[in-house]
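Colleague: This is the structure I want to talk about, given as structure tokens.
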């Protein structure tokens with residue numbers, strides 16, 4: 001059983017369903033309360049199971065973050081964003097580095113929806129390090145890169161950004177509380193970092209102005225995911 005959560009002063013929790021098949025995913029989903037947790041569907045699960053799986057999760061009462069990180073020409077992203085919103089999802093990700101025209105096309109695609117999903121821009125992947133920017137010819141600090149893309153996304157009318165937790169304070173100071181911060185790369189102290197570099201612990205996340213934390217492999221790779229989830233909740237309260 002999952003502990004009760006007082007979300008008044010801690011980030012809300014998004015569980016990333018990082019599985020290779022439906023059976024494994026549903027084994028965890030069946031243990032979760034849709035009134036307490038959001039679910040994230042990424043490229044792997046969406047490619048395998050498609051919109052039918054999202055419909056099934058909706059029927060169980062879950063709000064879905066469709067994390068497909070669209071990054072393409074503006075017209076393609078416009079159509080893809082509209083198609084994603086038609087699924088009734090709660091949140092959708094696109095890449096901020098796609099540029100102003102792409103971001104604004106995605107925003108425009110949602111204008112016809114009475115209940116549009118939150119449109120969130122990915123600034124830098126949590127696997128990124130400074131050397132990764134240099135590899136693609138960007139000669140600035142990773143921190144400045146994140147701030148520049150956060151401003152671009154804000155100026156284009158998006159609802160917030162995906163960024164490392166340590167950058168949340170600066171972004172909130174610049175753009176206000178309504179600008180949502182979603183932070184992946186959440187790891188407990190004794191967890192493996194896997195391929196993540198920009199990581200924080202759940203306890204640290206509590207001290208940053210983060211709206212939502214995304215927790216994936218810390219839970220999905222655990223032999224006892226509910227016990228692990230309860231430890232995470234306890235560490236933040």
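Placed from the backbone N, Cα and C atoms, the Cβ positions cover glycine too.
Got these off TrEMBL a minute ago, pasting:
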type     : residues                              : note
ACT_SITE : 67                                    : active site, for OMPdecase activity
ACT_SITE : 69                                    : active site, proton donor
ACT_SITE : 69                                    : active site, for OMPdecase activity
ACT_SITE : 72                                    : active site, for OMPdecase activity
BINDING  : 18, 40, 67-76, 126, 187, 196, 216-217 : substrate binding site
DOMAIN   : 12-232                                : domain 'Orotidine 5'-phosphate decarboxylase'
Colleague: Among the active-site residues listed here (67, 69, 72), which has the Cα closest to the Cα of residue 216 (substrate binding site)?
Modeller: 67
Colleague: When the Cα of residue 18 (substrate binding site) is compared with the Cα of each of the active-site residues 67, 69, 72, which one is closest?
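Modeller: Closest by Cα distance to residue 18 (substrate binding site) among the active-site residues 67, 69, 72: 67.
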Colleague: Whose Cβ, among the binding-site residues 74, 216, has more other Cβ atoms within 10 Å than any of the rest?
Modeller: 216
Colleague: At the level of the C-alpha atoms, what whole-angstrom distance separates residue 67 (active site, for OMPdecase activity) and residue 126 (substrate binding site)?
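Modeller: About 14 Å separate the Cα atoms of these two residues.
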Colleague: Across the whole of the domain 'Orotidine 5'-phosphate decarboxylase' (12-232), what does the mean pLDDT come to? Round it, please.
Modeller: 91
Colleague: What is the number of other Cβ atoms found within 10 Å of the Cβ of residue 69 (active site, proton donor)?
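Modeller: For residue 69 (active site, proton donor), the count of other Cβ atoms within 10 Å is 18.
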Colleague: With every protein chain in view, how many other Cβ atoms are within 10 Å of the Cβ of residue 67 (active site, for OMPdecase activity)?
Modeller: 24
Colleague: Please report the three-state DSSP label of residue 68 (substrate binding site).
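Modeller: The residue in question, residue 68 (substrate binding site), is strand (DSSP, three-state).
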Colleague: Quick one: give me the count of other CB atoms within 10 A of the CB of residue 68 (substrate binding site).
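Modeller: The answer is 18.
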Colleague: Work out the three-state DSSP category of residue 74 (substrate binding site).
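Modeller: Reduced to three states, the DSSP call for residue 74 (substrate binding site) is helix.
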